[in-house]
Every structure is written in C-alpha cells, then in structure tokens.
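What follows is a set of notes on a single structure, which appears directly below.
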Amino acid sequence: MERITSLVFFASFLIIFVSGVNQTRADSCDESLGLCETCDERCQAKHGPSCISKCDGEVGMLSCTCTYECGPPLPPKGNVCSGGTGMCSGKCPYKCCDTSCAQKYNGGRGFCNSFGNYNFCQCEYPC
C-alpha cells in the first residue's frame, strides 16, 4: 500500500512539473532595427547570441528584422527612456557603446544603430 501511495505521489509530481515547464516556454518576438547594414551584429548586441537576424524588403531599402526568444510580458516597471553617447567607432563599436551607456545612464544598455552613413550609439535606460 505504501508503494502505491509513493507511486501516485511521484506521478502527480511529474505531471505538475511537466505542465509547469510547458507554461514557461518563451515565445518568439520580432523587432525591426532599421536599415540592413551590420544587421547580425546589431541584433546580437541587443538580444544575445541566440537571436536570428534577417534582411528583407525592397532592393535598396532592405530592413533588418531580429527574431529572439522572449518570455511573457513583464509587469510595468516604469518608463524606458532613450538617449545617446555620440557615434560608434570602428575600433570598438558595440561593446564600447554599451559600456558608455552604462556609465552615462543608470541601468543603461547601448547598441549601435546605422542611419545612412552614420553609426550612432543609442542607449535605453529606466527613467
């Protein structure tokens, strides 16, 4: 009798665990990152190495779309503001931009964004 009770308890625990894991799976999200120049690098800088970048649209006006794993929506924590720290340099384009934003804005994250021939360092931070 004790063995059956233990088996029922284990089976119930397993069912609860599997259904909980299934609910926490992340969805796929898309974000447009502007023109296609350095699309893959910008996508990975913003959403990590597991994201997928693609360029599509009309010839001459290809736009960068980044697909990444996103979880359920987070509860509102306040506003997210944007700022900048100038231009991204060729010496250290992405890491330096992120570092500059972290130093300039409390909780800031940075990424390089191309617009025409210019490569701007854009920051997002809680405000």
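Keep in mind that glycine also has a Cβ here, set from the backbone N, Cα and C atoms.
The disulfide bond recorded by Swiss-Prot for C121 reaches one of C92, C96, C97; that cysteine is C97. Looking up C55 in Swiss-Prot gives a disulphide bond to a cysteine among C29, C36, C70, identified as C36.
Disulfide annotation in Swiss-Prot: C70 is bonded to C29, selected among C29, C39, C101. Cα spacing between C29 (disulfide bond) and C92 (disulfide bond): 28 Å, rounded to the nearest whole number. When Cβ atoms from all protein chains are considered, those within 10 Å of C43 (disulfide bond) total 23, not counting its own.
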